[in-house]
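Asker: Quick one: the structure is below, and I'll ask about it shortly.
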Amino acid sequence: MDTLVLLTMTGLGLGALYFLIASGLSLIFGLMDVLNFAHGALLSVGAYACWWAASGHLPGAGPHGAGFVLAVAFGVVTGTLAAVALEVGVVRPLYARPREQVLANVGVGLAVPALLSGIWGSDARTFPVPDALSGTVTLLGARVPANRILLIGCALAVLVGLRVLLGRTRAGLVVRAGVQDRAMVSALGIDVRRAFTLVFALGGALAALGGALGGVYFGEVDPGQGTSLLIYAFVVVVVGGMSSVTGAAAACVAVGLLQQFANYFTTAGLGDLAVVVLLAVVLLVRPRGLMGRLT
Amino acid sequence: MNAAGNAHPRPLLAARDLRVRIGGRHILHDVHLDVAPHGVTALLGRNGAGKTTTVRAILGLVPRTGSILLDGQDVSGLRTHVLVRRGIGYAPEDRGVFTALTVAENLRLAERPGSRPPDYALVHDLFPELRQRAGQPAGTLSGGQQQMVAIARTLLADNRLVIVDEPTKGLAPKIVTEVAEALERAARAVPVLMVEQNLAVVRRLATTCAVLVDGRTAYAGEAAPLLADPRATRRLLGVASGSTRGGQDPPGARASAAESPDTREAQS
């Protein structure tokens, strides 16, 4: 029983991490038809910015307490700014040329990890984890790492926040309308490009948060972490249904749990294969994914 | 008759030398269009003549050259949303209704924060059904109801011009009458540019018109003389207008007649 609880919480924690990346990816694809291959780079930027700040380089930030919260906030702000720069500088000029846009995004996705390697080396760096998150919490008799609880809590808060944003605000209404027909949104007098930038900034902020919390989860950060996680985020977006945030959340739970249970009960590494099999099955049985629209 | 001058001294909207090239093909060659500052201006032409492209070009939804003057001001370089915020409401040919959103959400999108409060009183007066169906997903509405949503969106904001593209296309005769009545009432408050193939509706609503033939303006001027001339309508639109009865039928009879093959423009 302890093992099942631990596996479940670890799987949900991993799924929560995927959700932080996939929700932004899903929004960006849904609204802008942009497959953002540079999304992993945004995660890495957030992770390294948080690590840099928490390592004592940012005044007031540190590895514990409020200092760590400030470090995470710094990582999120840095990731957000990087996302805005990416949208304005790379994605926006290439809206009319989707092929070049994909290539440019892939280029950024490769260049940023290389840049991080060049500055801080390609070896993994130990991520400063606050004491409060390095311990365990007893849950149904199992000792569950506290960082899993944090990840799950953050993902739930993000899910609720996104649903409120999309369902209750004018900005969310514009995003939902833009997913269906961008030209018509413009024809109603709405600057859809502002919605694009907003969504990119939001996606960047969530990816950066995922990077910072991923550092806590893995206990280290390396330049390729974002790219590795991006692959699973893409799987989640496809399984959940392109442009469906709720679908992405459901898919994250499925993928995280499947990966953990398959790795534990079969052979280590088979969990990754199981995820690919899940993707293939969903594409065959339900090509639109679990939920095919922005909800 | 060809390229006759508009009777109004200063058009509300004037398009000059409008040219559009899509996929290497010239769709519009040299379109001149004046929208009268009052009433309904109809944009007519056979299928494929370039009517919808003209409207989309005016709004900047397709790449174009030429000049667009709105109330005498050159708005050619403005992006679509900026131009629309200058006071243009647009109901496209496919209605442009967001099917995943509710009726109320579709209408909310047409509100313009920072300008005059949205005129829901007018919209609900014209289309009471929309109030009852406010919470219904627009995708579950009938074609006529979706058209009501599309037109209602153009009337909510403080627009100087309303552009409607084929508002009666595919609608039942009764709904055609309702839509025509709504546009007639709307046109008392705001000028309307209407792309329409239903000549009975054109006859009822339009005071001026322009006819496109193969992406060029072939006629511009008063609507009545053109519609009263069967030879001209046959030559320009490919159909006899039934002009001997023009403008004299009761609204319902005209709308119903509009659905008959001989008064519907040739579907070439």
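Going from the start of the chain as shown, residues are counted 1 onward.
Glycine residues also receive a Cβ, built from the backbone N, Cα and C atoms like all the rest.
Keep in mind that this is a model prediction, so the values were computed, not measured.
TrEMBL lists these features:
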TRANSMEM  A:6-27  transmembrane segment
TRANSMEM  A:34-54  transmembrane segment
TRANSMEM  A:66-90  transmembrane segment
TRANSMEM  A:102-120  transmembrane segment
TRANSMEM  A:149-166  transmembrane segment
TRANSMEM  A:195-218  transmembrane segment
TRANSMEM  A:230-257  transmembrane segment
TRANSMEM  A:264-285  transmembrane segment
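Could you place the listed features in the three-dimensional structure?
Answerer: For the transmembrane segment (A:34-54), the residues of the chain that approach it from at least six positions outside its boundaries are 21, 24-25, 28, 61-63, 67-68, 70-72, 74-76, 78-79, 82-83, 86, 90-91, 101-102, 105-106, 108-109, 111-113, 116, 120, 125, 127-128, 203-204, 207-212, 214-215, 221, 223, 225-230, 233, judged by C-beta separation under 8 angstroms.
Panel annotation: around the transmembrane segment (A:66-90), residues 38, 41-43, 45-51, 53-54, 58, 60, 101, 104-105, 108, 128, 130, 196-197, 200-201, 203-205, 207-209, 211-213 of the same chain, lying at least six beyond its termini, place a Cβ under 8 Å from a Cβ of the stretch.
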Asker: Where among A:102-120, A:149-166, A:264-285 do we find the most Cβ pairs under 8 Å to the transmembrane segment (A:195-218)?
Answerer: A:149-166
Asker: Should the transmembrane segment (A:149-166) and the transmembrane segment (A:102-120) be scored as in contact, given a threshold of at least 3 Cβ pairs under 8 Å and pairs 6 or more apart?
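Answerer: Output no: the transmembrane segment (A:149-166) is apart from the transmembrane segment (A:102-120).
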